[in-house]
């Protein structure tokens with residue numbers, strides 16, 4: 001029979017109606033000769049009642065045979081419950097079953113199909129189709145669908161054109177490693193799966209499309225963490241003839257619409273703007289979480305005269321104050337914080353506690369001459385904990401920034417109900433790579449330098465600033481964008497600054513440089529990480545929770561066993577020979 005409605009949508013207004021439902025058995029229980037079944041489908045749970053006095057013996061026998069996750073079809077009459085269950089939307093009614101059909105049986109599942117399970121990540125991924133049956137997972141994907149629907153409606157209304165760009169493209173140096181696809185036709189040659197549609201969307205601007213968007217899969221072969229996957233989805237935008245503020249206005253409107261449509265939240269516009277240098281110096285991060293204070297404070301000049309070489313001879317001394325936390329952290333706890341600080345390059349972590357107006361701790365004796373100034377500078381109060389890092393500026397900022405985030409979580413300083421957006425602007429164009437021994441693009445090599453600093457491309461690259469902007473939400477980089485270079489001579493100059501020879505630049509990017517001979521318009525854009533955005537809206541802490549079939553931390557799929565070996569005949573057809581290094 002045809003299903004009448006979803007089980008989770010049956011309500012009091014359906015009382016007296018005969019309906020047919022289909023779904024999975026959540027649980028079965030007997031009471032006083034009656035059998036009660038929780039029938040689950042994607043919209044929720046409905047209680048079924050099977051009374052031996054009102055059904056045939058065959059129906060009763062089928063009901064007694066049911067186990068969790070059997071797939072069934074039932075027909076019956078909706079009645080009002082004698083005792084309502086206010087914990088579920090269908091709790092005012094139940095279905096008095098008259099017929100029952102078992103559509104399929106099920107083995108005992110490796111974990112219960114319910115929220116809050118304790119199964120390991122790999123077990124959940126191994127049986128992902130079961131994991132996705134759980135209501136909290138299903139709700140995440142309903143949210144994701146609502147987000148993409150809202151995005152498409154917004155961009156369609158602004159006359160953006162949805163264009164699909166190639167999945168098989170050319171390998172170009174963009175930062176992370178490419179996933180390579182060997183060509184059978186052109187043996188010895190490889191496609192790359194795109195890390196982003198960056199160049200192709202710029203070429204669409206040269207084609208006169210004016211406003212492009214795409215919700216697109218991207219691929220990066222990089223080390224994984226909670227908010228990264230080897231394949232991910234981004235909301236990709238590009239526009240012609242707009243400046244950075246106009247592009248930011250469009251993105252702010254998009255985000256405001258998504259939050260209103262999906263969460264019922266009104267977002268205050270415009271978003272705050274913060275310079276990159278300010279973010280690093282006061283938050284220790286280029287993606288600061290502004291839901292709490294605990295700012296980094298520079299004490300370099302104040303501690304120059306103390307009799308403590310770790311401070312007096314350090315390039316920079318910075319500190320954070322954890323208000324009222326002195327009694328929360330024992331020496332052993334601070335040792336753990338010190339070990340954590342060393343992960344970010346710090347040599348150690350100095351600390352003092354405020355105890356009745358006096359400083360206590362290993363370095364307190366060195367600070368007696370500046371106690372009053374230090375107390376005033378840091379606005380210290382009783383029971384405060386002060387953590388110091390003395391090192392190079394970058395190390396001090398990164399270390400204290402990481403500690404700031406960790407301590408805020410441990411101290412419960414974060415209001416999880418807040419959605420704090422901001423723009424990080426005034427970016428450096430380049431960042432120095434110790435590993436490579438050269439400057440690298442902070443974003444990508446197509447970013448437009450500011451008019452005031454472009455002349456440094458032939459000199460001090462540290463002075464070049466970019467017309468770039470990242471959007472940050474609650475300490476996560478939600479997306480990044482920039483105005484792009486549209487003049488051939490400047491693009492060639494940029495490649496040269498990055499260490500490309502003229503031959504290498506034309507080998508890698510000749511098609512883009514050639515396109516710049518044909519009236520390339522001023523343009524710019526942005527990409528938002530869709531997985532990360534939905535993760536934050538859903539209140540999750542790992543993007544695996546909002547990706548249907550993600551990989552684990554080894555970039556593997558425990559369900560399909562991908563990646564896997566392939567037959568030697570396939571390798572021969574591709575003219576490939578695999579040599580494995582000894583482990």
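Just so it is clear, glycine is given a Cβ too, placed from its N, Cα and C backbone atoms.
Cross-referencing 198-201, 202-205, 206-209, 210-213 with Swiss-Prot places the feature region 'Aspartate' at 198-201. Cross-referencing 477, 573, 581 against the ATP binding annotation in Swiss-Prot, which names 220, 221, 222, 229, 529, 530, 531, 532, picks out 477. Per-residue pLDDT, averaged along the region 'Aspartate' (198-201), amounts to 97 for this model. Residues within less than 8 Å, Cβ to Cβ, of residue 222 (ATP binding site) and separated from it by at least 6 positions along the same chain comprise 176, 177, 228, 230. Secondary structure from DSSP puts residue 222 (ATP binding site) in coil. Taking the C-alpha positions, the distance from residue 443 (L-aspartate binding site) to residue 530 (ATP binding site) comes to 19 Å. When secondary structure is read from DSSP and collapsed to three states, residue 530 (ATP binding site) falls in the helix class. You'll find the Cα of residue 530 (ATP binding site) roughly 15 Å from the Cα of residue 220 (L-aspartate binding site). Around the Cβ of residue 530 (ATP binding site), the number of neighbouring Cβ atoms within 10 Å comes to 25.
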